[in-house]
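Okay, so here's the structure we're looking at.
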């Protein structure tokens, strides 16, 4: 058989015609130097600030410093495998993370990659990590309560949906415990809500620079109580590079905004922002940005303000969703006038101030009710709570003032003695064990008992036992009363007050 040149050339032409049409054009640069989680890259002329870039081996980084002859890139991963001369590719996309209901019940890193060994996450969408906060027009005043289940907080420092309430205190004063109790407290509310998404609250917990053992312990507690079903944990632990610790809060907020923007409610806990500021300081100094006060860069206020401004209550036209934030700040030796604490205090809508001294006295949660405030105030309380909680703060403030005086004088008049007795019992009543959040109705009944003199004859050491007995009594013999307070929110007076008094009188007779 003869070789036909024309046929061969036709076949070759056909094959050449379709060859290499999907040629990929990539803008690349070269690594000039690398170390401490920072790479200097030459040649990425058109890169954007905040753009994701890719190193060999799939390691990602973010362009932060755009200089005349090179780009400063922070690396999200191990920089030991990157060497001088490596090629760096632009991805042409700003740092984004997965979002959606599929993330609930999972533990992810700062980029949204699962780290709990439960397989990949089927996220429905991706969201840019660092977006602008909602403007003034889409917002609405905070008016729905966000119950923590803690008597001292819900009665005296109420938090509303869409509020930013700072938890501030020294190390080991129970800051994380308050945040964790708040997550656990949502379980009963979420179960009672059924399919009504407008009542449910989803929780996002961000661990920044913490020990892995601490995060594992927290996840275990959430799994044991079943709270993990409505919670997402984002972990950038102490062993993660500084850029990951810096990014994690923004990434987690983007995941939480998915709920806010779909007319649902979310709570985000940043534990803690002091460590994020330290990570950002490290990055900034390595990028040779000029240092300011306490060696933090000049834009460290903006670092936190742009993050916390994303928590908001949206109005009806924008879905009526909300994002509530509980940022945590660790102080050194009770110094709230340091740089980062004063910054975050000025950004947030109030603070829960925890004191080491109270903690060691056994007053836990160790909330200093005099220094703690909620700038949203009683608009974030139910009517029933508002009517019973009013006198508590005043009585405790008067008690603290008198207690300081009473140390000097021995002959006190009857009114002062009565004030001191009542104050001691109210202080005892505000104590609460960890992992034992109470419902709104239970807190109303307990505080009503405290302010209306039911405890005045009970010895101070028995107040805790008295309260536990009362709660047991209410849960077994007065279920209708608790349901009534929960479902028909109104001031505690008239018929409702009589019902509560009747339940308390019945219990007081039996208590011994």
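Any Cβ shown, glycine's included, is placed from N, Cα and C.
Sequence annotations record features per position, and here Swiss-Prot assigns ATP binding site to 169, 170, 171, 172, 173, 174, 175, 176 based on sequence analysis. The site 'Required for activity' annotation in Swiss-Prot covers 372.
Structure with Swiss-Prot features highlighted.
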residue	record	CB count, 10 Å
169	ATP binding site	27
170	ATP binding site	18
171	ATP binding site	10
172	ATP binding site	13
173	ATP binding site	26
174	ATP binding site	19
175	ATP binding site	24
176	ATP binding site	19
372	site 'Required for activity'	22
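Close to the recorded ATP site, the chain also has 330, 354, 356, 359, 366: residues not among 169, 170, 171, 172, 173, 174, 175, 176 whose Cβ is within 8 Å of the site's Cβ mean position. In the three-state DSSP assignment, the secondary structure recorded for residue 175 (ATP binding site) is helix.
Cα of residue 176 (ATP binding site) to Cα of residue 372 (site 'Required for activity'): a distance of 17 Å. The two recorded residues, residue 372 (site 'Required for activity') and residue 169 (ATP binding site), have Cα atoms 11 Å apart.
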